[in-house]
Structures are given as structure tokens and as C-alpha cells.
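Engineer: Sharing a structure, written as C-alpha cells. Questions coming.
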Amino acid sequence: MAAKFLSLACIRPNNSGNLSPRPHYPSMPKYPKGVTVSSDEEKFVQGSEAKALFSVTGMTCSACAGSVEKAVKRLPGIKEAVVDVLNNRAQVTFYPAFVNEETIRETIEDVGFEASLIEEEMNEKSSGICRIRIKGMTCTSCSTTVESSLQALPGVQRAQVALATEEAEVLYDPKILTYNQILQAVEDTGFEAILLSTGEDRSKIHLQVDGLHRESSIRIVGNSLRALPGVQDMSFDPELNKLSVSYQPDLTGPRNFIEVIESTGSGRYKAKIFPEGGSRGAHREEEIKQYYKSFLWSLVFTIPVFLMSMIFMYIPGIKHGLDTKIVNMLTIGEIMRWILSTPVQFIIGRRFYIGAYKALRHGSANMDVLIALGTNAAYFYSVYSVLRAATSPSFESTDFFETSSMLISFILLGKYLEVLAKGKTSEAIEKLMFLAPETASLLTLDSDGNVLNEEEIDSRLIQKNDVLKIVPGAKVACDGFVIWGQSHVNESMITGESRPVAKRQGDMVIGGTVNTNGVLHIKATKVGSESALAQIVRLVESAQMAKAPVQKLADRISKFFVPLVIFLSFSTWFAWFLAGKLNGYPKSWIPSSMDSFQLALQFGISVMVIACPCALGLATPTAVMVGTGVGASQGVLIKGGQALESTHKVNCIVFDKTGTLTVGKPVVVNTRLLKNMVLKEFFELVAAAEVNSEHPLAKAIVEHAKKFREDEESSVWPEALNFESITGHGVKAVVRYKEVLVGNKSLMIDHNISISLDAEDVLAETEGLAQTGILVSIDRELVGILAISDPLKPGAREVISFLKSMRVNSIVVTGDNWGTANAIAKEVGIDTVIAEAKPEHKAEKVKELQAAGNIVAMVGDGINDSPALPLARRSTDIAVEAADIVLMKSNLEDVITAIDLSRKTFLRIRLNYLWALGYNILGIPIAAGALFPSIHFRLPPWIAGAAMAASSVSVVCSSLLLKNYKRPKQLETLAIRGITVV
């Protein structure tokens, strides 16, 4: 059994339920001390940023990640630093003019971890990416053809084509290939390609500029815009009056562009945001209208043909008129049916000819080929029959014009219903896209923070550092932090968190969420494509592009499906025709209006049009689209079909302890002095040593020590000399001429500090209470023990119990001591514990579990002390990028939701395949006449075509049933609440 490893990242919210501001890092120096940089130099420096990826070994929990990040951020010239403890990596964005990779690496090692630069993967990061809408794809064969053509291009690293969304995502090397060449490659396969976005578009704005009629005007406006700081590139489309500007959002924004354009021409030029018309919803609406219009026009011609062929022949007066002969045996009815069916065949049905031609031109065959062959066979045989009747005094014609026209009409109806249903599969992502408000209230403040002016602007004109007013009931226009006011914000549409979250000065807010009560003034930090909403939408879009491994079944079948159906169709016709000529069946079987050739032809056409490759192609992607969309609405971001397929098989979960099973906010709960000593003096020495450490346990000790200094104004601790941080053990320093050691039992043993029996008893008691015991030695004598507790998350025990009922085994892994780890595990009901584990030990354990045939999921915090939700949305956040599933909330029950949703989605995929394969396996023999000898049941071609159209619609509707997904009822009864961090 192939074992797989799945990682889930839990995103810890920054606050919950209380009004205390979240902690922030102290401000870091942008440039080295004593260095002054002019504004021009600053622009140059900021424009020449670089990224470096490091492998960091030795980290055991999110606390380690926090210490590494903070140390790196303290370096001058660091723009951003993100550390992923799950994958032991750190990604740093920096300005090479002030710092280099080697300095960053040494800084990480100074914290106590081994670090090395990963050059290969950073080279991969420079790859370009583009998203393309592809018009004209009808089945898996089409998407496979396009995907193969894209993957064959030199410079393409990865190409994914999604039939359900009619989009492609291409990762390529911009040094070898341009996106225009990629678009041309799609066009060469016979489909229309429209560029949706490129990686460069993340800081790009499109403006509609009226008045630019001359080249000189375009040049003047272009020069004026290029003079602005942060403008990187621009292009102008004179046909649409569309000006595209790439820029650095930290330095400028769209309002500046509009102001410059309108001031340049002294009022002659007018600029505004370019109207959006290329969204997925707009494209889908256009496609729905096209199919609806085509279907209605086909009915105009098909209904009279149907009436003349099926109804009027039984009404004596009308039948006599239609049977009136014009030339030889040619009747008025035949001429009218020919005239009416021709527009349906060649004008309304033109799309099928075009699709078939494009497919055959590239050596593939799709559904259009089957439709074109089937309708042409019926139409041209009817033309032959009519022409023969016109030239023969004795030949009585039997035409099938109603077959071709009704066949096309029913297929158009099916395509209309299919596109309508497919549009509903992406409703979840479209709702996310429309969460952002259309307008925002922009405030102008004076130097003292007083409001001077308030104006309403288009939300797309918001720039970084703008101050916005959010009134009760209004949506938050962009990501930012509160600078004034307090309120509660409903974040359920982003995180799935049902209860409003308290916000006050300093707290982060997310664009698209709803302010419930008080008025807030916020400062914009992430706008446009950098926002949380945009990042989530991109993540879900990418997830819908990624194919599930089970999709390979449909891809393999599609390669030979259409040729096989054509072969079966001709074989059916030939077998029935031969049987008729050789008297293989009684003449009474042949309907009175046909001969043996026409009967065989009907069977052959029915086989050709009943076979449906579309249902197979839509079975997986539509279910994945709905499943990932439902997950996003529940605060569970599932990264595609691969993650869904892996998650539904998970039978073993490895939980990180700190920040995952526990709150991740340690506090000192007890102090035991083993020698006579003033408590205040004891904490003075301990805090002086620990204040230099970045470890959360050290922070907890320092915070606790502050309680004994409340009467003193000074917050400066005594100087610590010869400070040394010993990774995984503790710290060592000389304070007031006394050697102070603060750490675990191993630290004391390594320094030959004797531990008394009383101290051993205290340690055992502490660890038995699921607390961490920290020993303090002064001048090589053990003087005290601190008990530090990191409480369990509410509901952790119930979640573990529920996982057991789902036949999922749980394991806890931690770098903490065995006593504390066992106590925590016992409290939550986990039997298997891995304590005092280094990262390599965790990896070894996972490999052991996989070798035993388990499908393993790792649930870890994967984040640090940065603002939690904004971190989830940053493209540079490698923890979230590396995870297969991202849980937007801290609640552990979302692990259950992720597994349960993946199981329900994969069950739906199996049902879709069962229906799609079963339909073809049963439908083709029936259409071929398998039941005709026994019960004389024959499937007319137009009914076969209707059945084919219905099969695709039924598969999409089956996937849509996932929209009714509800979490397991048992979860609703659990008393699980959000975590309040004070």
C-alpha cells in the first residue's frame, strides 16, 4: 500500500473574545545605525529586494520558529521573515545593500540552530505563472489535448488544465518563454485563449483613460506616470483606452495615477478604474446566454420538423397536403423538412463542426466529433433519399431530418443545463470574490490624528497606509489594523468563526468581514491582490486547478473512448445491415417506414450519439470544485484534488503539542524555592538571564517576574554577562557576579549541578500536572523550581475521542519532557507519545508509521508570533504554502471537518464515476439494439442524444449535492469555544 504524508496547518487567531491588543514586535531598524538614505536612494534600495530560503535544523516547536524570526527581523535591511517549523525552513526578504545571505545565516545559528542556504528552490521561485481562460473545451479529450500541447513547450515547468472551470494554470521560465507564446500554443490547438492573470499582475491596475487620441498624448501621460516613485511598467491599449500600470504598492497607488493623469492634460484626460468584464462569473453568464439563444433558435426550426414527422402524418387533411408530390416522388413535406433542418445543421450546429475540425486537426477526437458524425449521417442520408425521390418515378423517400435537428436541439439543451449547473459549482469562490465592498470611507487626518475630511471612494482605489472609517453594519474594505475605536467584527465569511471577534486599537482586521457594532478607524496594510481575501481566492482557484489522482482514470479512458465509440457505431450499423441482407432476422422486425439499411443506420447513429465522454470528464473536477468551495466557507482551505484524495484515506494523525493541542501561551503557575532567598531577588536574577532569550518559556518567566517590580518605574533588568543560549536546554549567564543557570534537568546534569530528592519530587509532581518544570541554579547550587503551564485547548479531548470513532489513530509529538508530554497525552486521551523529539526524530517516526501502511497527517501550528491570519494570506508564508490543508481557525474540530468533508467529496466522486461509466456501459448496448430482438425496444437517435446530454447534467447535479454538506452532528454538541489569549 502506497503510504502518503499529509500536512495540515492550523492558523491561530490573533485574538478572541477580549479587548486586549495582541502583542507586536518592537520596531526593527530599517537601515544600519548612522546610515542616512536619501529618498531617491531609498526608492532604488526598495526596488532591489531579494529573497533567500534557508534550511533550519534543530527547531522543535513554534516557539523556536518565533525566536528565529525575531532574531532575523532585528537585522537592518530585513523586509520580511517567515519561519516554517513543520518543514524546518525560513524565507527572508531583504535589501542586499544592507545585509546578505551569509549574515542572515550566521544570525540564525547565533540563536542556536543550524542553517544553510537553499539555492535551488529559490531559483524555482523565479518562475513565472499565468492563468488562461480557454473557450471551446467540451470533454476530457479537449483538456488533455491542450495540457499535452502546453507541457510540450520548452520552458514550461507545469501545466494544469481544468475542464470544469475552463481555465489553465501554467508555471514557466520567463527567460525561455513568454505568456504570449503560451496563448499562441493554446490557439494552435484550436481553442480560444484569454489571459486572465500573470504573476506580475499582483500589483497591477487597469485604468480607462479618455482623451488619449495621439501618440504625443500617450507619451506625455506615460512620462508623467513613470516619474512617480514605485511605477515599474505600463502599457496602453488604444482600442479599449485601457492603461495598465505595474507598481509597488508600498510606494504609490491608483489614486496617485488618476490624479497625475487628470492634472497632466489640464482636464482634457479623464481616468477611472477599468470596468471589470472578464471575471469567471461574467464569462459563465455569457456562455449561458449563448447556449440559451442557440437552443431557442433551434426550437424555432426543429418543432415544425418534429410536428411534420411525428404528428401531422396522423392528421388526414394535413398529411394529404404534405404528401403532395412536386417532382416525381418528391413531396412538399420532404422539401419543408429539408429547408427547416438545414439552418439547424449548419448554422446553429456550426459549433460542433468547428470543435470536431479543431480536434481532428490535432490528432484527437472529442464529443463534437461524435455529434458531427451522427447528425451528418442522418442529414446527408436524408438529402440522398430526397434527391433520389426527386429523380425517380418509383422510389419512396424516408428521411431522418427530424433526427439531425432534434439531436442538435437536445444536445444544446443539455449543454445549456450543464453550463448552468457548472456555474453553481463555483458559487462559493464567487461569493468570496464579492465579499469586498464596492466603496469605502477615506479619512484625511492632521498631524494630531484629528479628522479633517471624509470622502467616499471606490474600494479599488484604496492605497497602503490609507485611514478608513468602518461604521456599524459596514464591511471592512481591506486588511489593516485598528487605530481608533473598539467593536466586534463578524469574520465567519473568511475564517468560519461563528462568534464576532472583539477588536480594539492595535488589532488586525480582515477585508470583507463585517463590523457589527462600534465605529472603527483602520489603517490599510494589505490592499488589492495582497489582501487576505485575494490570497484565499487564489488558493482556492489553484486548488480547483489541481487534479486528483483518480482523475487519471478519466484521462486514460478519454484517449481511446471516442475512437472506440466510432468503431462500435460502424460495427453496429454493419452488423445490422449485414443481418438484414442475409435475412438474419424476420422482415416483421423492420418498421413499415424503413428498410433494413435505414434500420441499421438508426442503430449506428444512436450508438454514436448516446456515448458521453463529458460525464466522465466532469465526474472529478466538479466534485472537487464544490468540495473545496464548501471547505473555504467552513474555514478549511483544501489545496486541490490531491489533498482531498489523501485526506479521505488518513488513518493516523500526528499532533504537535505546543500551539496545536495547547493554547501556545505559557504562564508561570507556581514557584518553589529550595533555599532561603527573597522571592523578589530570585526573580531579579532569573529574569535578567532570561530576558535575552526569545523562547516563549523565557518570556513567560520575565512577564511573571514583572509582577514583583510593580512599585518600581524602571523596567531595566540587571546586566547579564557571558550570556549563552543552550538550544533545547536553557540559558546561562553571570548576573551581579553570580552564575545563573535556568533550564531543564539536562542542563543541570550537564553542568554537574546536584538535584536533591526534594527537587526530584517537585519535578515529578509538576510534570504529573502536565506542567513544565524549569530549574534555577545560582552559583552552582539548585535554589528553585518554576512550574510553567500551557493549558489545553477547549474541546481537545472530545476531538481526539471523535477521531477514534472515525478509526483515526492520534499521536502527540513534542520537544518537551516525557513527564509533561505523557500528562498532556493522558488528559486528551492519546496513547502514543513522542517526547524530547528533535525534527529528525519526528521525520523518522512518520516514516515508521508510513512503512507500517498508515496514511499519515501532521497537524501543526506551522506559524510564529506574527499576526496569525495575515500570515495565512501572505504568498511568502511557506508554512501555509507547504500545507495540504490550511485551517483558518485554531479550533481542533476543523481537523474532523477536513477529514469528513474529504470523505464525503471522494464518495461523491466515486458515485459520479459509477453513474458515468454505468451509463455508457448500459446505454451503448441498448442503443445498439441489444433489446430489440427480445422486446422490440429501439432507441431513436434523438432520444439517445437527449440521454447523452442528460448524463452530463446529472453528474454536475450530483456534485452540486455537496453544497448541502453539514459537519458531523456530534461536533455541534461539543462545547468547543475559541481560545482567548490575554
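Residue positions begin at 1 at the first shown residue.
Backbone N, Cα and C atoms are what each Cβ position is placed from, and that goes for glycine too.
Checked TrEMBL, it gives:
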DOMAIN    50-116  domain 'HMA'
DOMAIN    128-194  domain 'HMA'
DOMAIN    203-269  domain 'HMA'
TRANSMEM  294-315  transmembrane segment
TRANSMEM  335-353  transmembrane segment
TRANSMEM  365-384  transmembrane segment
TRANSMEM  404-421  transmembrane segment
TRANSMEM  560-579  transmembrane segment
TRANSMEM  599-619  transmembrane segment
TRANSMEM  913-936  transmembrane segment
TRANSMEM  942-962  transmembrane segment
Engineer: Which whole number is the mean pLDDT over the domain 'HMA' (128-194)?
Structural biologist: 84
Engineer: Six or more residues out from either end of the transmembrane segment (365-384), which same-chain residues have a Cβ under 8 Å from its Cβ atoms?
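Structural biologist: Residues 138-139, 141-142, 337-338, 341, 345, 349, 351-356, 359, 399-401, 403-404, 407-408, 411, 562-563, 565-566, 569, 598, 601, 604-605, 608-609, 611-614, 941, 945.
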Engineer: Mind checking which residues of the chain, 6+ beyond the ends of the transmembrane segment (913-936), have their Cβ under 8 Å from one of its Cβ atoms?
Structural biologist: 550, 553-554, 565, 568, 572, 576, 585, 589, 603, 606-607, 610-612, 615-616, 618-620, 944, 947-948, 951, 954-955, 958
Engineer: Do you know the DSSP helix, strand and coil residue counts for the domain 'HMA' (50-116)?
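Structural biologist: Helix (H, G, I), strand (E, B), coil: 23 helix, 24 strand, 20 coil.
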Engineer: Looking only at the recorded stretches 294-315, 335-353, 599-619, 942-962, which one has the largest tally of CB-CB distances under 8 Å to the transmembrane segment (560-579)?
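Structural biologist: Between the candidates 294-315, 335-353, 599-619, 942-962, the best contact partner of the transmembrane segment (560-579) is 599-619.
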Engineer: Could you give the residue numbers and ranges of same-chain residues that sit at least 6 residues beyond the transmembrane segment (404-421) on either side and whose C-beta is under 8 angstroms from one of its C-beta atoms?
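Structural biologist: Contacts with the transmembrane segment (404-421): 284, 287-288, 291-292, 294-295, 298-299, 301-302, 305-306, 340-341, 344-345, 348-349, 352, 371, 374-376, 378-379, 382, 609, 614, 618, 941-942, 945-946, 948-950, 952-953, 956-957, 960.
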Engineer: Take the transmembrane segment (942-962) and find every residue of the same chain, 6 or more past its ends, with a Cβ under 8 Å from one of its Cβ atoms.
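Structural biologist: Same-chain contacts beyond the flanks: 371, 374, 402-403, 406-408, 410-411, 413-415, 417-418, 421-422, 424-425, 605-607, 609-612, 614-615, 618-619, 622-623, 625-627, 630, 904-905, 908, 911-912, 915-916, 919, 923, 927.
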Engineer: With DSSP helix as H/G/I and strand as E/B, how many residues of the domain 'HMA' (203-269) fall in helix, strand and coil?
Structural biologist: 24 helix, 20 strand, 23 coil
